[in-house]
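**Student:** Annotations for this protein, taken from Swiss-Prot, read as follows:
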{"type": "DOMAIN", "residues": "1-73", "note": "domain 'Disintegrin'"}
{"type": "DISULFID", "residues": "6-21", "note": "disulfide bond"}
{"type": "DISULFID", "residues": "8-16", "note": "disulfide bond"}
{"type": "DISULFID", "residues": "15-38", "note": "disulfide bond"}
{"type": "DISULFID", "residues": "29-35", "note": "disulfide bond"}
{"type": "DISULFID", "residues": "34-59", "note": "disulfide bond"}
{"type": "DISULFID", "residues": "47-66", "note": "disulfide bond"}
């Protein structure tokens with residue numbers, strides 16, 4: 001929703017302040033395939049294994065999302 005940095009549904013999330021829906025100090029992310037322990041996963045880390053002849057999708061190091069690289073190998 002507008003103004004939210006993270007999903008504040010669970011007070012147990014160590015990366016997200018459930019009262020404000022903002023990331024806790026020092027956190028880069030709260031969830032996502034490229035988020036681990038509140039930090040973006042290193043660029044080039046496989047976040048989605050390829051199917052068929054397509055290449056694996058990898059983290060960018062700048063986002064918690066796992067982009068679809070869409071490259072045919």
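A Cβ is built for glycine as well, from the same backbone N, Cα and C atoms used for every other residue.
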**Student:** Out of 6, 16, 21, 29, 47, give those disulfide-bonded residues positioned within 10 angstroms of residue 38 (disulfide bond), comparing C-alpha atoms, in sequence order.
**Tutor:** 16, 29
**Student:** Report the same-chain neighbours of residue 29 (disulfide bond): residues 6+ apart in sequence with Cβ closer than 8 Å to its Cβ, ordered by sequence.
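**Tutor:** In sequence order, 6, 15, 23, 35, 38, 39, 40, 63, 64 meet the Cβ cut-off.
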**Student:** Sequence gap of 6 or more, Cβ distance under 8 Å: name the residues on the same chain that satisfy this around residue 47 (disulfide bond), in order along the sequence.
**Tutor:** 33, 34, 41, 57, 58, 59, 66
**Student:** Using other CB atoms within 10 angstroms as the count, which residue among the disulfide-bonded residues 15, 16, 21, 38 scores least?
**Tutor:** 21
**Student:** Where does residue 16 (disulfide bond) sit in the DSSP three-state scheme?
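**Tutor:** Once the DSSP labels are grouped into three classes, residue 16 (disulfide bond) ends up as strand.
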**Student:** For residue 34 (disulfide bond), just count the other CB atoms lying within 10 A of its CB, please.
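**Tutor:** So the number of other Cβ atoms within 10 Å of residue 34 (disulfide bond) is 25.
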**Student:** Can you name the residues of this chain that are 6 or more positions from residue 8 (disulfide bond) yet have a C-beta less than 8 Å from its C-beta?
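**Tutor:** Residues satisfying the criterion: 16, 17, 18, 19, 20, 21.
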**Student:** Counting only other Cβ atoms and using a 10 Å cut-off, which of the disulfide-bonded residues 6, 35, 66 scores lowest?
**Tutor:** 66
**Student:** Is it possible to list how many residues within the domain 'Disintegrin' (1-73) are helical, extended or coil according to DSSP?
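**Tutor:** Helix, strand and coil residues of the domain 'Disintegrin' (1-73) number 0 helix, 15 strand, 58 coil.
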